[in-house]
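S.K.: This is the structure I want to talk about, given as structure tokens.
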Ligand SMILES: NC(=O)c1ccc[n+]([C@@H]2O[C@H](COP(=O)([O-])OP(=O)(O)OC[C@H]3O[C@@H](n4cnc5c(N)ncnc54)[C@H](O)[C@@H]3O)[C@@H](O)[C@H]2O)c1
Ligand SMILES: O=C(O)C[C@H](O)C(=O)O
């Protein structure tokens with residue numbers, strides 16, 4: 001194994017997603033079975049000990065690709081030399097907290113992390129924000145990393161994409177492998193729009209295969225969009241293994257490319273495509289080619305889809321304006 005290890009920084013490493021994610025990174029699932037990795041874990045001081053416990057377990061797995069683990073409570077050190085950064089740690093919404101309070105609290109996390117990425121990350125840094133509100137947290141981090149190409153900041157809607165694939169596959173009685181070109185548009189929130197009008201299923205579209213607009217509107221869309229809340233209700237904790245799985249899928253495809261004849265969903269900075277204001281970090285149909293995300297162009301958007309996309313993008317605009325007002329971007 002002559003390859004130089006890839007530095008992967010994970011924030012919130014002692015949390016539940018961190019616990020589901022780190023072993024998969026170390027086993028080679030994030031970057032590929034031939035790519036050695038070094039883990040750089042960032043936690044708040046109170047959780048460093050728990051992160052050390054996870055690091056002991058990682059050691060005990062004797063993963064051949066894992067070439068080192070360092071633990072930090074300081075973003076400046078944690079992002080030094082990072083090639084991939086998974087920003088998982090975030091401030092959750094607690095009782096009585098308004099959206100503005102949540103955005104402000106997260107600004108206190110993602111602003112210094114953006115600055116640290118700007119100051120010390122490797123030239124090829126790729127950032128995936130998982131911590132909620134993911135799209136706007138990514139926007140905050142990006143705003144404080146002016147020397148990093150803006151398209152390197154992304155937020156995760158792959159979990160929503162995977163959720164939508166399974167809901168549609170179950171409805172149609174097919175395997176998820178038989179469904180291509182499904183799209184999540186907009187925000188990783190309850191306003192997101194899972195679009196099956198362009199999805200392909202065995203020679204027809206997802207919407208035609210279903211042939212049931214009432215199911216689409218009253219069942220499919222709300223089930224996917226509110227799945228996070230349903231998991232919290234059922235588990236008493238938010239989705240962790242499925243979120244870690246989606247983070248693995250996102251970065252693996254970003255680095256290694258998406259399969260021919262299909263696309264996936266990721267929240268990436270808008271270039272104005274599909275009327276989404278330039279610069280917003282919004283979910284689109286995307287392919288990855290040569291290590292870069294590209295928005296799939298030329299899709300016809302009917303009135304139904306347009307209004308759903310506009311609603312979710314409108315929420316992103318509100319979030320952007322709120323963090324702008326707070327001086328966070
Ligand atoms: N985008 C998605 O699809 C998606 C899906 C599931 C969860 N999430 C979000 O992911 C985030 C993490 O979820 P979790 O279940 O792992 O939460 P968790 O509470 O179990 O873990 C979060 C960890 O982050 C750490 N942390 C807090 N502030 C930090 C900072 N400034 N620097 C480094 N670490 C910090 C905490 O100490 C904690 O260990 C939440 O915001 C959650 O809402 C997003
Ligand atoms: O953490 C949450 O609020 C839910 C999470 O974003 C999810 O989609 O599962």
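Glycine is no exception: its Cβ is also placed from the backbone N, Cα and C atoms.
Pulled the feature table from TrEMBL, pasting it below:
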type	residues	note
ACT_SITE	188	active site, proton acceptor
BINDING	12, 13, 14, 15, 16, 17, 18, 106, 113, 130, 131, 132	NAD(+) binding site
BINDING	93, 99, 132, 163	substrate binding site
DOMAIN	7-147	domain 'Lactate/malate dehydrogenase N-terminal'
DOMAIN	157-322	domain 'Lactate/malate dehydrogenase C-terminal'
S.K.: Which three-state DSSP class does residue 131 (NAD(+) binding site) fall into?
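M.R.: For residue 131 (NAD(+) binding site) - judged by DSSP and reduced to three states - the answer is coil.
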S.K.: What binding-site residues among 12, 16, 18, 131, 132, 163 have a C-beta sitting less than 6 Å from any atom of ligand 2?
M.R.: 132
S.K.: Near the Cβ of residue 131 (NAD(+) binding site), how many other Cβ atoms are there if near means within 10 Å?
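M.R.: I count 24 other Cβ atoms within 10 Å of it.
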S.K.: Return the residue, from the listed binding-site residues 16, 113, with the maximum count of other C-beta atoms within 10 angstroms of its C-beta.
M.R.: 113
S.K.: Using a 6 Å cut-off on Cβ distance, which of the recorded positions 12, 16, 99, 131, 188 come close to any atom of ligand 1?
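M.R.: Going through 12, 16, 99, 131, 188 in sequence order, those close to ligand 1 turn out to be 12, 16, 131, 188.
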S.K.: Long-range neighbours only, meaning 6 or more apart in sequence with Cβ under 8 Å: which ones does residue 188 (active site, proton acceptor) have?
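M.R.: 132, 133, 134, 135, 155, 156, 157, 159, 160, 267, 283 - these are the non-local Cβ neighbours of residue 188 (active site, proton acceptor), listed in sequence order.
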S.K.: Give me the CA-CA distance between residue 16 (NAD(+) binding site) and residue 163 (substrate binding site), in Å, as a whole number.
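M.R.: The separation of the Cα atoms works out to 19 Å.
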S.K.: What's the CA to CA span in angstrom from residue 18 (NAD(+) binding site) over to residue 93 (substrate binding site)?
M.R.: 19
S.K.: Round to the nearest Å and give the CA-to-CA distance linking residue 12 (NAD(+) binding site) with residue 93 (substrate binding site).
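M.R.: Cα-Cα, rounded: 16 Å.
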S.K.: Taking only same-chain residues 6+ apart in sequence, whose CB is under 8 Å from that of residue 163 (substrate binding site), what do you get?
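M.R.: Listed in sequence order: 194, 224, 227, 242.
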S.K.: Residue counts in helix (H, G, I), strand (E, B) and coil for the domain 'Lactate/malate dehydrogenase N-terminal' (7-147), per DSSP?
M.R.: 63 helix, 26 strand, 52 coil
S.K.: Just to verify a number: CA distance, residue 113 (NAD(+) binding site) to residue 93 (substrate binding site), in angstrom, no decimals.
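M.R.: Rounded to the nearest whole number, the Cα-Cα distance is 20 Å.
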S.K.: C-alpha of residue 14 (NAD(+) binding site) to C-alpha of residue 99 (substrate binding site): distance in Å?
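M.R.: So the alpha carbons of residue 14 (NAD(+) binding site) and residue 99 (substrate binding site) sit roughly 25 Å from each other.
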S.K.: For a quick check of packing: other C-beta atoms within 10 Å of the C-beta of residue 18 (NAD(+) binding site), how many?
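M.R.: Excluding its own Cβ, the number within 10 Å is 25.
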